[in-house]
Amino acid sequence: MKDSKVSTNFQPFTLDYALASMGILNIRFILLLTGWLAVIALSIGSVLIVGQAVDFSDQFGSTNIAKVFLIQIPMLLGLLLMFWLGFEWGFIPVFISTFVYAFSASMSWPWALLYAFSFTLGLAVYALSYYSFSFDLSLRSLKSVAFYVVVSVFAALACSLGALVWSRFFNLPLLETLTIWKSWWVTLFLISVLLTAPLLYFFTPMFYTYRTRWFGSPEKKEVSLSWIYSTISVIVLVLALFIVSAKLLGSYSVEQEIAGQGISMQVFNSMASLNESFAIVTGISISLLFFMGSGSIYLLGSWNRKLQEEVDAQTVDLRGKELKLQTTLSERNQLLNEIHDRVRSNLTMVLAILEMQLKGSGHKSNEEILKDSHSLIRSLTIVHESMSQTGRTNRVDLRNYAIKLSNRIEQALRKEHKKVVLKVNATEGLMMDMDHAIPFALIINELVMNSCNHGFDEGDEGQVVIEILRDENSIHLKVTDNGKGLPPNFARNQHAGIGMRVVHAFSKQLKTNLDIQTGELTTFSLSVPLEA
């Protein structure tokens, strides 16, 4: 029964694969090799028996086609071996047996070799066709049957070159040569259709199933350009040999007819002219074949080069996209790691400040502590908003941050009934890296909140100006208010307050010092070195 999992398309099972997969001492390989040698012996024995039973001088007469069937037994066995195992399994029995047959018929060994090779051309046609095109060997569809019949015609014609070799060696007349050639290729075609095809239909599924089970299934290699070139070359060679053989035999037969009969000079000239025309047609045919074959190889080569260029271009494009994707993924992973680090650092910073507030704010109410905490978290939130708006993963627009911070603080002051206006004067596009921007932003937040909370009472009107400017060496921050000023004991107690302690701690981190000036205006200023 056919195994649905086993393909019956042509799958060559080479000797190299058998040796590599099983080893020379494997019992299955030994049985396979023994069976193959038995088939070779059967092929040789069949041609020797036929050679003894048939008169070689008359075996190809028009009434002896049945004898030709007997001679083609090696071809039948070789076809089955080629389809079920591979080309070399069928080539060797056919070549050896036909060589033995020709040699036993008194043919010289060079002509016997040529005769034997003519049979293997048919096997080559089958192998090349079924290797290049995937068709079912079990002939279960009309398409596979049609393909098999067409290939069988060309294979039979290729093998029929042996008839021309036989006739040329034994100097047979033209009419008998034509009879031999016709009976030869028709017989080969009938063997393929009437004997080989039914055997393939009934036994191919079973054979492939057992072959796969016992020996495994070799991977079929893709058809390469060199394989296609070889196929075209073989076809051109076969057709050229066929044309040349026909021309030589025709010319030889005409010369024999002229030499063996007394004919007039006019008929002689006509036959000589006919022979010359035949030679011209032969030359033209071979030239056309050569140019068609060369043209086919050139076109295939050009098409392959163009296709290869397109494949190379697409490969380069894909590699570029792959590299870009890998870079993007690497940046994404790096960004995620940075985000994790920043979140951890920010939370640690918030926790430290909250602990500082809890320890040093015994005189503050819970509401005031929550307001301070809210101010701190709001400042960090604005930093990340500003960073996301710039499209940079590690840079903060300080002007954008200051504007957003002032807007949020003004909204909070309105709820406290303080009519304080916050103004921002900052350099456009002034950026700072994330590691320095967070402490810098918290300093701005604490200084502004200090001015608003301690410089103005409820109902007061006033102004707070935030200046962020840059020169060649530093970024300068100045927070100025026109409020009631600092208390007299501020200089002594500034390190006791949580806000100013935070400002001094972050100033130290940025390698700068806070400068405080008081009078009509209260000014807090510091300069952050660019290399901080």
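Positions of Cβ are set from backbone N, Cα and C atoms, glycine also.
What TrEMBL records for this protein:
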type     : residues : note
TRANSMEM : 29-53    : transmembrane segment
TRANSMEM : 65-84    : transmembrane segment
TRANSMEM : 115-133  : transmembrane segment
TRANSMEM : 145-164  : transmembrane segment
TRANSMEM : 184-203  : transmembrane segment
TRANSMEM : 224-244  : transmembrane segment
TRANSMEM : 278-300  : transmembrane segment
DOMAIN   : 338-532  : domain 'Histidine kinase'
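Residues of the same chain lying 6 or more positions beyond the ends of the transmembrane segment (184-203) and with a Cβ under 8 Å from any Cβ of it are 60, 65, 68-69, 72, 75-76, 79-80, 83, 122, 137-140, 145, 148-149, 152-153, 155-157, 159-160, 162-163. Distant neighbours of the transmembrane segment (145-164): 60, 75, 98, 115, 118-119, 121-126, 129-130, 133, 135, 139, 177, 180-181, 183-186, 188-189, 192-193, 197, 200, 238, 241-242, 245-246, 249; these residues of the same chain sit at least 6 beyond its ends, with a Cβ under 8 Å from one of its Cβ atoms. Within the model, the domain 'Histidine kinase' (338-532) shows a mean pLDDT value of 79, rounded to a whole number.
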